[in-house]
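Chemist: Right, I'll just put the structure down here and ask away after.
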Amino acid sequence: MRSILVIPSFVAVLNAFSLFPKPHDDFKYLITFGDSYTDNGRLGYYGSHQAHGPPPGVMPPEANVTASGGLQWPQYVEASTGATLYDYAIAGATCDNNNVERWAAFMNANYPSIITDEIPSFKADRKTKLYRGVTSANTVYALWIGTNDLSYTGILSDSQVKGTNITTYIDCLWNVFDAIHAAGGRRFVILNNNALQLTGLYRPLSDGGAGDNQFWQNKTLYNQTEYAQKMLEYTTSSNTMIDYGVPFHLLVKNRWPGSKVAVYDIHSLIMDIYNQPSRYLEPPHNVVGYYKHCDVNGTNCLYGPGRLDSYLWYDELHPSNIIASYIAREFLNVVSGRSKYGTYWEHW
């Protein structure tokens with residue numbers, strides 16, 4: 001695990017802190033924001049209710065098959081700790097539709113974003129009995145967003161709103177923290193961007209990646225090697241901005257007084273799985289291909305070959321179910337201050 005020492009007047013940590021004094025003892029609530037990497041079924045509610053979310057105080061039913069092909073990582077955290085999960089993540093979401101908006105034809109509307117939908121839903125729920133037991137001491141807030149902001153339908157193809165860029169997306173992360181902090185949140189985990197260049201979506205066809213597919217229907221018309229390199233640049237650059245941005249805003253700008261923030265390095269975790277698959281996946285290990293194969297319309301899907309637990313990727317974009325379980329396991333280590341993938345900051 002990484003521990004950070006900064007100017008004493010701003011007081012960070014000398015040793016990696018735990019978000020709770022004893023692992024999981026006071027971990028009663030997990031509140032999550034994000035996209036399909038975190039969504040436990042919320043988009044399905046919007047799809048069946050004319051693009052509207054649930055009424056205040058109501059959490060939609062959890063799905064047992066998510067974008068991982070099984071449970072999603074917050075559900076594994078919920079099961080292993082007994083914590084109550086309030087998952088506001090919506091598949092397809094960006095951080096803010098005012099920066100990057102993405103059309104969802106099946107809803108005849110844009111995908112909801114964190115700023116325009118998830119945070120307002122969270123604020124509305126806070127006024128209901130749903131949040132009666134939630135305190136700053138017993139609740140962890142987790143944010144994982146960027147996959148769609150940086151995507152082919154976003155910044156990668158220059159499809160963002162005019163005048164916005166990667167730094168606008170990064171600023172949105174801090175705005176999300178502002179809203180949660182104003183609502184009483186003090187324990188934060190931010191998950192950085194996945195190694196998207198390794199996904200079938202962005203890996204060149206010549207290197208085992210997908211051709212034209214449901215997420216990028218005309219991929220083969222582009223210079224795929226160039227776009228894979230751009231995605232590597234975008235993910236690593238944004239992750240560096242996150243690494244430097246958290247201590248700057250927390251300690252120098254005094255933006256979230258009294259808070260603890262852990263940066264969870266998902267990118268490195270996925271790279272470790274990619275480079276050492278035998279430690280994580282069932283044989284025969286497959287870190288290049290993916291399990292679910294559909295046509296460009298997302299239909300006529302075939303699965304395999306082999307078992308899902310042999311795969312790093314479920315489809316062209318999403319980590320598989322077994323990877324979701326590893327993300328959850330390491331998340332608990334991050335929360336407990338025991339993870340080599342965690343960098344920890346505290347404002348006293």
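Counting starts with 1 at the first residue shown.
Backbone N, Cα and C atoms are what each Cβ position is placed from, and that goes for glycine too.
Swiss-Prot feature annotations, pasted as is:
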- Asn64: N-linked glycosylation site (CARBOHYD)
- Asn165: N-linked glycosylation site (CARBOHYD)
- Asn218: N-linked glycosylation site (CARBOHYD)
- Asn223: N-linked glycosylation site (CARBOHYD)
- Asn297: N-linked glycosylation site (CARBOHYD)
- 1-16: signal peptide (SIGNAL)
Chemist: List the residues of the same chain that sit at least 6 positions away from Asn297 (N-linked glycosylation site) in sequence and have their Cβ under 8 Å from its Cβ, in sequence order, or write 'none'.
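Modeler: Listed in sequence order, they are Gln214.
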Chemist: Mind giving me a neighbour count for Asn64 (N-linked glycosylation site)? Other Cβ atoms within 10 Å of its Cβ, every protein chain shown.
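Modeler: Result for Asn64 (N-linked glycosylation site): 11 neighbouring Cβ atoms inside 10 Å.
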Chemist: For Asn64 (N-linked glycosylation site), which of the glycosylation sites Asn165, Asn218, Asn223 has the nearest Cα in space?
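Modeler: Checked the glycosylation sites Asn165, Asn218, Asn223; minimum Cα distance to Asn64 (N-linked glycosylation site) goes to Asn218.
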Chemist: Relative to the Cβ position of Asn218 (N-linked glycosylation site), how many further Cβ atoms are located within 10 Å?
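Modeler: Looking across every protein chain shown, the total is 11.
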Chemist: When the number of other CB atoms within 10 A of each residue's CB is tallied over all shown chains, which of the glycosylation sites Asn165, Asn223 has the maximum?
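Modeler: In terms of Cβ crowding, the pick is Asn165.
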Chemist: In terms of DSSP three-state secondary structure, what is the assignment for Asn165 (N-linked glycosylation site)?
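Modeler: Its secondary structure by DSSP: coil.
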Chemist: About how far apart, in whole Å, are the alpha carbons (Cα) of Asn223 (N-linked glycosylation site) and Asn165 (N-linked glycosylation site)?
Modeler: 22
Chemist: Hey, how far is Asn165 (N-linked glycosylation site) from Asn218 (N-linked glycosylation site), Cα to Cα, in Å?
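Modeler: Rounded to a whole number, the Cα-Cα distance is 24 Å.
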